[in-house]
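Visitor: Questions regarding the structure given below will be posed in turn.
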Amino acid sequence: MEEIKALYVDLNKLRNIGIMAHIDAGKTTTTERILYFTGRKHQIGSVDDGTATMDWMVQEKERGITITSAATTCLWKEHRINIIDTPGHVDFTIEVERSLRVLDGAVAVFDATAGVEPQSETVWRQADKYNVPRIAFMNKMDKTGADFEMAVQTMVERLGAHPIPVQLPMGAESDFAGVIDLIEMKAIRWLNPEGTEMVVEEIPTQWKDKADEAREDMIEKIAEVDDEIMEMYLEGEEPSIEQIHAALRRITIAGLGTPVFCGSAKMNLGIQPLLDGIVRYLPSPLDLPPVKGFDKAGNEIQVQPTENAPFVAYAFKIQTDPYVGKLTFLRVYSGKLEKGSYVINTTKGVKERVSRLIFLHADKREDVEYVRAGDIVGVIGMKSTITGDTVCEENTYVILEKMEFPEPVISIAIEPETKDDETKLSKALQSLLDEDPSLRAYVDQETGETILSGMGELHLEIIVDRLKREFNVNVRVGKPQVAYRETITKDVKIEGKYIRQSGGRGQYGHVVVQFEPLGLDKTFEFVDKTVGGVIPKQYIPAIEEGIREAMQVGVLAGYPVVGIKATLLDGSYHEVDSSEMAFKIAASMAFKEAMEKGNPVLLEPIMKVEVTTPEDYMGNIIADLNSRRAHIDALENRGHLRVVKALVPLSEMFGYATTLRSLSQGRANYTMVLSHYEKVPEKVAEKILKG
């Protein structure tokens with residue numbers, strides 16, 4: 001029990017952090033070492049041999065990349081650190097967004113041989129969007145090609161960041177011997193391979209000049225963004241160690257700069273100073289502005305991070321745990337929650353029971369009696385709550401801002417192999433859909449096949465893999481299909497009438513709707529401009545719903561419709577015969593006619609592709625991209641490599657990984673994220689529509 005008691009710390013000693021990085025920068029290894037040095041893990045796990053604690057799903061162990069954000073808690077110098085492990089592969093940026101939503105701070109891990117890589121840019125921009133304060137760790141300082149100054153410079157060039165190195169590496173590659181702490185002006189070395197014996201000593205003579213110069217540079221960089229240090233700097237005063245720490249904390253929390261540490265997680269070098277940095281510079285829940293929420297009337301309210309306020313929490317992740325069933329991860333923003341109590345899911349308007357509360361350490365669990373503001377906890381017992389929902393104590397009503405999930409861009413048809421698989425499939429899919437809002441599933445009415453849509457080939461591969469492993473459902477998988485969309489290109493005004501009279505009560509719905517193109521970055525907007533009660537208010541939501549439902553199937557080839565603004569102008573109703581259903585049908589009839597008359601076109605997803613390659617292969621790679629209808633955006637140098645940035649239709653990118661490997665003898669790699677949708681060229685559209 002001692003261990004659990006120790007987990008309850010004052011709120012100012014709590015750090016909720018994420019570790020974010022590019023796929024191979026060493027994020028999982030860094031997390032592992034943090035758990036090792038904070039005493040929560042006694043044998044060091046390694047991704048290379050598949051024993052890392054955070055990567056607890058079997059697929060992750062095999063692929064060596066982190067997929068699911070597991071939440072882990074550990075202790076360091078009387079502080080408690082909750083770590084949300086974030087994935088580093090571009091197909092999982094949704095997971096990253098979801099975890100950033102509930103973090104207070106983050107450690108950005110970079111590979112010192114490569115600096116900022118494409119996926120790091122994506123993740124960094126997401127962290128900017130959620131205003132997450134960050135410190136940085138230049139990892140792999142012992143690797144051939146490690147170059148600390150170059151790596152820091154890439155943070156300026158590619159991220160527009162304001163990095164402030166607080167350490168200087170002593171040597172690099174195989175000569176990497178330790179770090180110089182530029183604040184205390186001491187050298188730190190590690191004496192044993194486990195990294196547990198750390199010595200702090202005077203800076204070796206050969207490093208003295210470089211350290212003085214680096215410290216001067218650090219003070220200047222702090223002064224640029226901190227008034228207090230700037231004043232001292234201008235007056236020639238030397239700030240004290242405490243003043244530097246305080247300034248770095250202010251700068252980090254305000255998002256004005258990023259303290260940079262360095263080391264090698266794999267070799268156990270530099271982890272303790274990084275932990276000190278997490279505690280010193282990253283915010284506690286008290287350092288951040290209160291979270292915004294909305295009351296019943298839609299007025300904005302602030303949720304204060306205090307134990308005495310009513311309980312409010314946000315569900316940021318659902319996992320189906322092999323041992324305990326459905327686990328709902330909550331970030332508690334205010335108040336206190338005891339196990340066995342009831343809460344209200346305000347998003348859905350349902351009551352939920354909290355059977356057990358669990359602190360997680362990757363796949364180990366500790367039951368606790370209660371949780372408080374600031375905590376991250378796994379809850380057992382919630383039935384209806386899914387990702388993005390708000391839960392509150394009874395008699396309290398708050399809804400926190402919802403997360404927006406991107407539209408899927410790729411689909412596959414799956415077919416159960418046996419009758420037994422068929423019966424298990426829908427339950428298994430429901431579990432996966434609860435966990436992952438970026439996954440969609442529906443049954444194709446014409447073919448009867450189940451269609452899965454997701455963020456990329458890897459995303460869907462892993463879902464199919466999980467169906468097999470976790471739910472024991474074997475499926476046959478069709479070829480990946482592009483998630484095309486349809487839209488209109490001109491304004492149309494349509495009347496939709498649904499009238500049925502056949503003895504007894506009839507049906508009557510009548511609407512006049514103006515449909516217009518809205519721009520392809522938006523899905524749908526509905527405006528009610530009726531006046532004088534021509535259609536009673538209670539039927540308006542049914543009209544919107546009728547259009548929304550009809551938008552699932554377009555007229556060209558049955559693809560979902562996007563980019564539509566529908567303005568309800570007029571209509572009429574019948575005292576007896578009108579019903580929600582009648583108006584819903586009238587609205588969907590109007591929409592179908594609008595699609596036919598509004599010059600419908602087919603849209604395709606255009607992907608932002610970045611290929612990183614040695615110079616020798618660049619010509620062939622560009623030629624190949626051009627043959628895929630690519631629009632080459634930019635060519636850049638990145639160290640000794642070249643980067644090709646291009647916009648390419650997703651339909652041309654299937655199997656690209658294999659082609660790229662053969663074009664570059666396996667030396668080039670690429671990342672791909674959705675950029676936007678655009679009209680399919682006519683010749684290509686003809687082929688698609690012919691099927």
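A Cβ is built for glycine as well, from the same backbone N, Cα and C atoms used for every other residue.
The shown structure was predicted, so the numbers you read here are calculated from the model rather than taken from an experiment.
So Swiss-Prot lists these for the protein:
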type	residues	note
BINDING	21-28, 85-89, 139-142	GTP binding site
DOMAIN	12-286	domain 'tr-type G'
Visitor: Where does the mean pLDDT land for the domain 'tr-type G' (12-286)?
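Guide: Averaged over the domain 'tr-type G' (12-286), the predicted model reaches a pLDDT of 83.
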Visitor: Three-state secondary structure of Ala21 (GTP binding site) from DSSP?
Guide: strand
Visitor: Report, as a single number, how many Cβ atoms besides its own are within 10 Å of the Cβ of Met141 (GTP binding site).
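Guide: Counting Cβ neighbours of Met141 (GTP binding site) within 10 Å gives 30.
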